[in-house]
Amino acid sequence: MDYDAVLQHLGESGAYQRRLAILLSLIGIPAGLHIPNNPNRYTAIPDHHCRMPQTTPAGFNLTLPAALNMSIPLEEVEGAQRLSRCRRYDVTDQFGWLNSTTTTSTCTDGWEYDQSQYHSSIVSQYDLVCDRAWLREMAQSIFMAGVGLGGIVFGFMSDRFGRHVTLMTCLLLQLTFGVSAAFTSNLVTFAILRFLVGAVSNGAYYAGFVIGIESLGPSKRTAFGMAMCLMPPVGYLVLGLMAYFIRDWWLLQLALSLPTLPLLTYQWFLSESPRWLIFAKKTDEARKVIERIAKENGVSLSQETFEKLNGCAKVQQEQTTPSNRSRKYSVIDLVRTPQMRKITLAMNVAWLISVCVYYSLMLGTSQLVGDHYVNFVLGACVEIVAMFVAWVTMDRWGRKRPFIIFIFVAGVSCLAAAGVPHDLGVITTTFAMAGRFGISIGFCTLTVYSAEVFPTVIRNMGVGQASMVSRLGGVMAPFIGLLGNVWRPLPLLMYGVLSCVAGAAVTVLPETHGISLPNTPEDLECLARY
């Protein structure tokens with residue numbers, strides 16, 4: 001591709017490219033901060049019991065434990081006795097402390113929550129426990145649905161109107177919706193705002209990702225892809241530390257939304273993707289961007305460079321038939337040619353399963369033995385290490401083989417964890433972290449892989465629709481975890497089998513490591529021959 005020849009002249013790792021890579025990678029930190037398993041939001045489930053009758057225990061000289069024993073029945077959970085969280089003794093009159101019956105009922109007067117660990121959470125504010133627990137899973141699924149919709153809507157917007165305008169629009173909306181969510185007064189409004197945050201966060205992340213992939217040369221794309229994949233786990237780590245010190249969910253929501261504010265300065269520090277400008281037939285604008293890159297890199301432009309630039313537009317003209325030269329590309333082009341159908345189908349399967357397993361293991365962190373905050377931070381550290389391993393393996397072995405190998409590692413780890421007895425919680429945690437390690441590498445590899453395999457004219461659209469389909473897996477993830485109530489190993493068995501299916505799906509795709517990015521679907525047909 002001629003534009004890659006222009007990049008060779010401008011320099012693949014000049015001052016502009018380094019600045020671009022650093023600024024764009026920082027977009028991943030707010031994306032990590034807004035993840036659904038915020039420790040103080042949904043997964044913060046404090047100890048709770050039914051609210052006791054209004055008559056105070058002091059009136060009968062009862063201590064609080066004695067009053068609880070008289071009003072709350074015991075239940076057996078995993079072989080141990082504890083006060084019921086969802087039932088209470090029926091009370092016959094206003095002096096219920098002395099006249100409780102042996103029959104029980106649900107918590108019709110609400111719940112009381114232990115505030116020793118969490119001052120407030122979405123769970124305690126809106127009573128998302130017992131028969132209302134499904135609303136907790138639904139709220140997380142709504143966020144993932146927003147992520148999926150954002151992938152296709154902003155992917156289309158990015159391919160049609162440009163990467164830069166899409167990025168800035170999403171960042172502005174991410175800040176607006178994130179701050180607004182901290183001041184909601186009801187669950188419905190909060191869920192709607194979280195849906196919108198998911199949509200614009202995904203749109204901003206992948207618009208920035210595509211700008212970087214298209215602006216850097218083949219030898220630097222892996223490093224940039226790894227930097228983008230590394231930042232969300234850094235966001236998880238920061239979130240874990242913030243959640244430890246900020247125990248009120250609304251203050252935490254406000255704190256994790258504000259880091260988007262400095263990113264709005266990208267309006268002046270980032271340029272549009274030259275590759276997109278060329279294939280959108282905006283050669284004059286592309287020339288201005290290339291001149292800016294050359295000036296920042298300290299490179300002088302020759303007439304030959306601009307002949308290559310003009311050649312890019314010519315190549316595009318020659319690669320399309322006369323009847324199609326003025327047409328706009330759409331989602332239909334993702335399945336128009338045989339190679340595009342194969343790539344789109346395989347990517348959709350791989351993305352769907354990868355996201356389902358990834359978020360399921362992430363959400364399952366709160367159910368592991370040990371301190372909730374420690375497990376959350378430990379999971380973030382595992383992912384950070386995984387990103388460096390992915391960096392090395394992708395540079396050495398490409399994209400296809402690392403994905404297949406590590407997705408199988410995740411699958412085998414999940415299957416092994418399913419077979420561990422319940423009382424061996426440390427071993428279960430070890431296998432779960434190994435599974436998260438494998439799926440993190442696979443997910444990151446897949447992100448870079450998909451950004452390279454889809455052609456320029458529909459790249460953001462291709463990545464966006466794959467991301468949208470994948471969020472069905474994210475929507476299902478919270479509910480798959482509930483299958484453990486039917487049979488404890490069932491969710492892990494499903495994750496193991498699905499991971500193996502994702503690895504098999506990718507075997508039909510071409511390797512993209514070290515080659516020029518395809519610009520049109522026709523380029524992919526040529527690529528398939530090699």
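Every residue, even glycine, has its Cβ placed from backbone N, Cα and C.
Fair warning: this is a prediction, and the values are worked out from it, not measured in the lab.
Feature list (source: TrEMBL):
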DOMAIN    89-514  domain 'Major facilitator superfamily (MFS) profile'
TRANSMEM  138-158  transmembrane segment
TRANSMEM  165-185  transmembrane segment
TRANSMEM  191-211  transmembrane segment
TRANSMEM  223-244  transmembrane segment
TRANSMEM  250-269  transmembrane segment
TRANSMEM  343-361  transmembrane segment
TRANSMEM  373-391  transmembrane segment
TRANSMEM  403-420  transmembrane segment
TRANSMEM  469-486  transmembrane segment
TRANSMEM  492-509  transmembrane segment
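Only pairs six or more apart in sequence are counted, and the transmembrane segment (250-269) with the transmembrane segment (343-361) gives fewer than three Cβ pairs under 8 Å, not enough to call it a contact. The average pLDDT computed for the domain 'Major facilitator superfamily (MFS) profile' (89-514) is 85.
Between the transmembrane segment (343-361) and the stretches 191-211, 223-244, 403-420, the greatest number of Cβ pairs separated by less than 8 Å involves 403-420.
Within its own chain, the transmembrane segment (403-420) is flanked in space by residues 350, 354, 357, 361, 390, 393, 427-428, 431-432, 434-439, 441-442, 445-446, 449, 489-490, 492-493, 495-500, 502-503, 506-507, which lie at least six positions past its ends and keep a Cβ under 8 Å from the stretch. Beyond the transmembrane segment (165-185), the same-chain residues lying 6 or more positions past its ends with a Cβ under 8 Å from any Cβ of the stretch are 27, 30, 34, 150, 154, 157-158, 193-194, 196-197, 200-201, 203-204, 207-208, 211, 250-251, 253-254, 256-258, 260-261, 263-264, 266-267, 270, 460. For the transmembrane segment (373-391), the partner stretch with the highest count of Cβ pairs under 8 angstroms, out of 191-211, 223-244, 492-509, is 223-244. Sequence-distant contacts of the transmembrane segment (223-244) (same chain, six or more residues past either end, CB-CB distance under 8 Å): 21-22, 24-33, 35, 38-40, 205, 208-209, 212-213, 216, 252, 255-256, 373, 376-377, 379-381, 383-384, 386-388, 390-391, 394, 440, 443-444, 447-448, 451.
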